[in-house]
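K.L.:
Structure in structure tokens, see below.
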Amino acid sequence: MATPNMAHMVAVLEKNQIMNFIVVAVATIVVFDYLMTVQQELELFWKRRLNLSSILFLSNRYVAISYYVALLPIRFFPSVTQEYGPSMSQLQ
């Protein structure tokens, strides 16, 4: 018979799994968009002199890519935190 604590752990793990799927889906879309538009970016932004609008565009573009590249390992190899640590250690 499942205890309320066990039901809570299952709910946390299910939400964590859903978040992992969402992170992978969004990261895939960001990488796909980058790969589809990198040629245009090279032609339109890197071959001309930089101005404020091109700097804003490039910083916005690469901040998003950097964010998702950094987020993937964090989501799939989390360190033990206060939020997940106690419930995860009880599963062993």
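Using N, Cα and C of the backbone, Cβ positions are placed for all residues, glycine too.
The domain 'DUF6533' annotation in TrEMBL covers 23-65. Sequence annotations record features per position, and here TrEMBL assigns transmembrane segment to 18-38, 50-70.
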K.L.:
Quick check on the domain 'DUF6533' (23-65): DSSP residue counts for helix, strand, coil, in that order please.
P.N.:
38 helix, 0 strand, 5 coil
K.L.:
Determine the mean pLDDT over the domain 'DUF6533' (23-65), rounding to the nearest whole number.
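P.N.:
Mean per-residue confidence for the domain 'DUF6533' (23-65): 87 out of 100.
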